[in-house]
């Protein structure tokens, strides 16, 4: 009953949230919701101990696939987003063959190289990827009505509601995976790889599984992004964007499920709302960088450690 | 329910009126204090990041423009005089952030007009423009298409004006017979590549190799330059490279001993390039953007008001920051102001109608609304454009050349190369 009430309160808060925001903040909220799925899916990969520099490109694979399926083949947009996720996951399986011959730092560099190859392919093949200019005029999510509410997906509030439902469902699946025996094995692959291998765990298979699941959800986030802004290009998924994902994960912390989400929310609000509202429009990269350095110096375990401290103090008698 | 009410009443005009009213209401205390009516103009361009050099100096120029106009009584509309205020939003050259910025500027700040750099960011903004009917400007006419009825390119017809530099070179330095070209592989680089190819072909200058397209993430230009000059070309063309690329490429050309001619669309902060290379090396470097203290800009046909004074003021406030776009957004505002005063209104529909009524007063002389063949719509203001060369360490206008005149003679070549790079309006996206 208590959990149900918490769920209801959370749902009501998410429902009411955009109505307390300005128009531009509603737009930022849509992108924040999509980025929460991106960074959460990234964390699943990090559970196995591997950090990738190609995750944003994999997100782009989902975005390109979904955009092309809906634009060229007339696939219904929600189906194309799902197919975009599946294509990203399948591509990750293919990439895993060369990439998981490497570990640690070498995997990091290998994933960067793989991502750059994909981005170069988008640029090189103007048909169908649109070259450097990318794809524009991507079909928007079709509007519909549920009687009490008309969903007009040009409006950020409508798209936020759609995104929040999709992202919540995806986060629930990611959560369940982490809590399942498969998720525990991911942890074992990271922390006790020799022991796990001795126990009969196929390390490479589990790394591939984590990589493909994480990529699938990243692909869905890419599809959500593409059908909202209506345009994508190779620069939308470059290493600069990947650095943002890394900083969300590092500043938030990756030992808990909510750590990267916290990092994403705090840094996005700081960069896109607080610093802009304070009039530091052009100094944002400088201030953002300084805050990041300070947070790493003084909170090496991430923002999640602050939350843990607060709750552990409350739990003490 | 709420969305039904919003939806049923949301026409372009009511939308703009209601947002303008809301924005006006939110700024009432300040307006009352200032005792002035204010028109807000949006400035939606990259103010940080690699492309900031084509946004930030433009906003700085606009602030000077606004001070001058406000000091002269503001903008005179049918219901009185209005002061001008610019509201900037840093889109970081990202389409998603550009969409957010357009939403903020229109729905929260109540701006009457939005100026953009364009390029990658325009497709993110286009749905907002379609929905609201807001008037936008771009510096990149390659954003234009028959669908972009509220988008104008009144300052520069990038990259078409680049033909004037090549044409001038061919006439004044006929000994130059061969060329090579490099460009970043992106939406800004490719149409410019097609334009330069057409210009070189029209001028009878042979391309020694295919254009060398490098990734925008490139930081080491030594191998790029080595490959570029391997065939010993007479001309190295730097296309429309960002200043972050033009500088290191010029440095590499200097270090690798290139002695030939360099031509580029821009040479922003060329004084820094001279200090990194030498005055002798940079002598004769041809590009397309003058310093506004050039005496040639004092001719009667120039429409930009007091260019020398504007340049002096800009350099006083932002020393060493003068660049290609410092004057361009301000010149767009000259056009917008004239059109708004002619229409007696700042309504986007009225302004664009007044603006396109006859010839336009482009900064470099009266010009025509043009572009249907290339862009599918006559929303680009095209006339004369200067060819600039560095002489004695200073940018000097060599000549003004007419773009439509070149196009009349060689338009088929431009269309051919634009088609080869999928840059015609009906090939994009």
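Backbone N, Cα and C define each Cβ position, glycine as well.
Whatever TrEMBL says is automated annotation, not expert-curated.
Transmembrane segment is the annotation TrEMBL gives to one range among A:52-74, A:75-97, and that range is A:75-97. Per TrEMBL, the listed range annotated as transmembrane segment is A:159-177 (candidates: A:159-177, A:178-196). When each of A:104-122, A:241-274, A:286-303 is checked for Cβ pairs under 8 Å to the transmembrane segment (A:28-45), A:241-274 comes out on top. Here the transmembrane segment (A:159-177) does not touch the transmembrane segment (A:104-122). Their Cβ atoms form fewer than 3 pairs under 8 Å, with each pair 6 or more residues apart. The stretch with the most CB contacts under 8 Å to the transmembrane segment (A:286-303), chosen from A:75-97, A:104-122, A:209-229, A:241-274, is A:241-274.
Between the transmembrane segment (A:209-229) and the stretches A:75-97, A:104-122, A:241-274, the greatest number of Cβ pairs separated by less than 8 Å involves A:75-97.
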